[in-house]
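Here's the structure we're looking at; comments come further down.
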Amino acid sequence: MLVTLSEILAPAQKHKYAVIAPDFLSIGMLKHYLRAAERYGAPIIASYPPLPIDRFRRFDRWIGKIRTLCQDSTVPVCLHLDHGKEVQTCLRAVAAGFTSVMIDASAFDLDLNRKMTRQTAQAARQAGVSVEAEIGHVGANKNSMEGKAEESNLTDPDQAAFFARETGVDALAVSIGTLHGTYKGEPRIDFERLAAINEAVDVPLVLHGGSGTGEDNLRRCVAGGICKINVFTELIKAYLAATKAGFNPLVKGNAGFHQYNAVDKILEFYFTISGSMGVASA
Ligand code: 13P
């Protein structure tokens, strides 16, 4: 069934688990995610990456097909735009039928971030669509010093509380030490900062840069108040390798078979450590 981000995260926040949010690039990839979510009885946030959706021909028709797949699923599915960089992009996604959008103005100064987020939240609320925003800035591994998040990019707990109240967002992405992409080792998570943010902020907290964060770190993040974990790098790497194997005449099985197995294994790990496995099978 298709639900909003607020609807999917409310029980997660109450019962202290996190919902996994994998990015998909194609209908085939989404189908594999939904199949795994159903197999493990886990709710899922199907996230579409920040591609220039305004320029896609037949975008609404494509999203219509995706909505139908999500609606027909036996587990709760939120259809979410990940990292919308402009208000207009988010509103385009709202009009197309997404049930949640992320406005990511975290690279701008705080005032502009607040302004863009408030504008998106007001418009999305009228359409019954949820909004996630980011405070502090989760960068990418390639831009960082040896895979370490820069101190100045980390989320300030008081600022986060003010930002959430002022903008009326439904979920807040925070920067506590993770980065997007591939780490050299495991990241150092600032759990004290997470505790202070969780104490100060009422809305569900989101962790970006899930890939490679490590089992222990992720379990502690969930215990510390993280309700949504974004994952992409691990999935796309495994997916591309599986696609290649599917076209190799020396390897048994077609591409779809290998792709599903690769995705299933990774999602099984994330559903387990997030505590979301089985919560939707009742
Ligand atoms: P990774 O690619 O590091 O898993 O991050 C995914 C993400 O945060 C998408 O928003």
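Here the Cβ of each residue, glycine as well, is placed from N, Cα and C on the backbone.
Remember, TrEMBL labels are computer predictions, not curated facts.
Here TrEMBL flags Asp82 as active site, proton donor. All protein chains shown were included, and the count of other CB atoms within 10 Å of the CB of Asp82 (active site, proton donor) stands at 23.
Mapped onto three states, the DSSP output places His180 (Zn(2+) 1 binding site) in strand. Residues annotated as Zn(2+) 1 binding site in TrEMBL: His83, His180, His208.
Classification of Asp104 (Zn(2+) 2 binding site) by DSSP places it in coil, neither helical nor stranded. Positions annotated as Zn(2+) 2 binding site by TrEMBL: Asp104, Glu134.
Contacts of Thr233 (dihydroxyacetone phosphate binding site) defined by a Cβ separation under 8 A and a same-chain sequence distance of 6+ are given as His180, Gly181, Thr182, Ser211, Gly212, in order along the sequence. Secondary structure from DSSP puts Thr233 (dihydroxyacetone phosphate binding site) in a helix. Summarising the annotation, TrEMBL assigns dihydroxyacetone phosphate binding site to Gly181, Gly209, Gly210, Ser211, Asn230, Val231, Phe232, Thr233.
Within 8 Å of the centroid of the Cβ atoms of Gly181, Gly209, Gly210, Ser211, Asn230, Val231, Phe232, Thr233, where the record puts dihydroxyacetone phosphate, the same chain has further Cβ atoms from His180, His208, Gly212, Thr213, Glu234.
Cα separation, Gly210 (dihydroxyacetone phosphate binding site) to Asp82 (active site, proton donor), rounded: 14 Å.
Of the listed binding-site residues, namely Gly181, Gly209, Gly210, the sparsest CB environment within 10 A is found at Gly181.
Gly209 (dihydroxyacetone phosphate binding site) carries neither a helix nor a strand DSSP state and counts as coil.
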